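Right, I'll just put the structure down here and ask away after.
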Amino acid sequence: MTDKKYIIALDQGTTSSRAVLLDHNANVVEIAQREFTQIYPRAGWVEHNPMEIWATQSSTLNEVVAKAGITSDEIAAIGITNQRETTIVWEKSTGTPVYNAIVWQCRRTADITDKLKADGHEEYIRNTTGLVVDPYFSGTKVKWILDNVEGAREKAERGELLFGTVDTWLVWKLTQGRVHVTDYTNASRTMLFNIHTKQWDDKMLEILNIPRSILPEVRNSSEIYGQTNIGGKGGVRIPVAGIAGDQQAALYGHLCVHAGQAKNTYGTGCFMLLHTGNKAITSKNGLLTTIACNAKGEPEYALEGSVFIAGASIQWLRDELKTVHDSFDSEYFAQKVTDSNGVYVVPAFTGLGAPYWDPYARGAIFGLSRGANCNHIVRATLQSIAYQTRDVLEAMQSDSGERLQYLRVDGGATNNNFLMQFQADILDVNVERPVVKEVTALGAAYLAGLATGFWKDLDELRDKARVERTFSPDSDNEKRERRYKGWKKAVKRSLEWAKEDEE
């Protein structure tokens with residue numbers, strides 16, 4: 001216990017940067033949020049400006065302190081959680097990025113991953129890194145930058161460049177270039193990290209021709225990495241004391257810290273993690289084996305299913321189809337009809353993630369009849385999020401041999417009661433929605449707070465956790481299985497759609 005009153009979690013996401021101020025009871029006191037530009041240079045390419053990421057994130061940090069009317073000497077620590085895999089390479093001496101951040105959604109390196117498969121590296125990558133060979137992960141993005149940005153490879157070989165995922169970039173900027181680190185959870189998403197030895201893997205660096213000198217030091221998710229000054233009275237220096245990739249942070253924020261506990265985060269993408277304790281389970285069903293947070297001692301493991309498009313499909317309804325005015329309208333319009341009228345939406349806008357891993361899949365609407373209307377499409381789009389979650393759960397249960405008893409949920413789309421009820425129905429398990437919705441930020445705050453003595457231990461945190469609503473499934477198993485069978489048929493027809501165009 002300390003005399004400090006607050007923890008700040010920096011939640012650097014795919015579409016916005018947020019700062020969340022929490023008190024000792026793990027209640028959200030204040031939030032500041034700023035969106036930033038999404039850059040689409042070509043079909044399937046997605047970039048961010050690293051300087052804009054930093055500008056929005058640093059401004060929200062200052063803003064949340066100002067909005068709350070507090071001073072920096074009341075803040076115990078800062079925890080960071082971030083969009084994972086997104087790749088930044090910058091000059092060590094100037095801090096200037098050599099290229100835009102290549103975002104996790106970006107598919108530009110599909111040709112590199114195809115070559116990795118053709119060269120027979122799939123099994124080694126799966127066994128060593130826990131990952132499948134896919135453009136999603138950082139390794140091929142780093143290679144692309146070094147191969148395609150003029151002079152980058154030569155600078156990297158001379159030790160003049162640094163690589164980092166977004167957490168590394170933020171810590172570098174917060175500490176004014178003094179600290180170049182990542183944590184185990186983010187390192188495990190690069191395709192460059194051996195999750196068993198917990199070291200950067202020399203063979204992967206050789207395969208992708210990436211110099212070791214650009215890599216950050218890998219540290220635990222809960223420790224003091226450095227300090228930052230955000231002004232205020234006396235300009236007190238505040239410890240940066242927690243780092244976790246967004247999905248692992250959410251798992252920790254739900255206090256899913258034991259084998260068999262699972263959560264699903266409904267953000268831009270949809271991410272389900274099942275904690276597997278100290279056992280790294282190699283999936284036979286297209287899931288990832290990844291590292292989970294542990295505030296004390298060695299990091300542990302989880303199985304993860306990554307769905308690329310979840311909340312982004314609701315944005316698509318709003319921005320491109322213009323069938324809803326804002327994301328909150330989707331629940332209203334989905335309930336204007338009693339069913340989806342046989343319509344299925346497969347939102348494979350950037351390919352399909354787990355358990356299919358097909359970068360050439362594309363989005364499609366199936367089952368349209370003359371009676372289908374916009375409300376059916378809205379309803380089917382929401383249902384697609386729940387169907388994709390079931391795809392992942394089926395794979396998890398097969399790999400782990402365990403039947404899930406409940407699913408803890410977080411993310412913006414969990415405010416949609418229609419979606420949460422349909423999720424419970426299609427999974428046939430209880431879905432638990434917590435009182436504090438900012439679970440990803442909560443996880444980062446917990447990690448930073450435990451590292452600095454703001455909270456004593458997990459037992460203290462468990463006493464603060466509360467469920468706001470439990471959604472229980474309906475008992476109609478025949479309807480559940482009929483609907484899911486239709487989804488599987490729709491997905492099958494979406495696979496490899498773009499492959500011929502790119503050959």
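Using the three backbone atoms N, Cα and C, a Cβ is placed for every residue, glycine included.
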In Swiss-Prot, Arg84, Glu85, Asp246, Gln247 are given as binding glycerol, so which of Tyr136, Tyr184, Tyr301 is in that site too?
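Looking through Tyr136, Tyr184, Tyr301, the residue Swiss-Prot assigns to the glycerol site is Tyr136.
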Could you look at Gly69, Gly311, Gly363, Gly367 and say which one Swiss-Prot places alongside Thr14, Arg18, Thr268, Gly412, Asn416 in the ADP site?
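For the ADP site that includes Thr14, Arg18, Thr268, Gly412, Asn416, Swiss-Prot also lists Gly311.
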Quick check on the binding-site residues Thr15, Gln247, Gln315, Asn416: which one has the highest count of other Cβ atoms within 10 Å of its Cβ?
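Output for this query is Gln247.
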With DSSP assignments reduced to helix, strand and coil, which class does Arg84 (sn-glycerol 3-phosphate binding site) get?
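Assignment for Arg84 (sn-glycerol 3-phosphate binding site) reads coil.
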Closest of the binding-site residues to Gln247 (glycerol binding site), Cα to Cα, picking from Thr15, Arg18, Arg84, Tyr136?
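Of the binding-site residues Thr15, Arg18, Arg84, Tyr136, Arg84 has its Cα closest to that of Gln247 (glycerol binding site).
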Which one is it: of the binding-site residues Thr15, Arg84, Glu85, Tyr136, Asp246, whose Cα lies the shortest distance from the Cα of Gly311 (ADP binding site)?
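Sorting the binding-site residues by distance from Gly311 (ADP binding site), the top entry is Thr15.
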Spatially, and counting Cα to Cα, which of the binding-site residues is closest to Glu85 (sn-glycerol 3-phosphate binding site)? Options: Thr14, Arg18, Thr268, Gln315, Asn416.
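For Glu85 (sn-glycerol 3-phosphate binding site), the spatially nearest of the binding-site residues is Thr14.
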Could you check the binding-site residues Thr14, Ser16, Thr268 and say which one's CB has the fewest neighbouring CB atoms inside 10 Å?
Ser16
Between C-alpha atoms, which of these binding-site residues comes nearest to Thr15 (ATP binding site): Arg84, Asp246, Thr268, Gly412, Asn416?
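With Cα distances computed to Thr15 (ATP binding site), the winner among Arg84, Asp246, Thr268, Gly412, Asn416 is Thr268.
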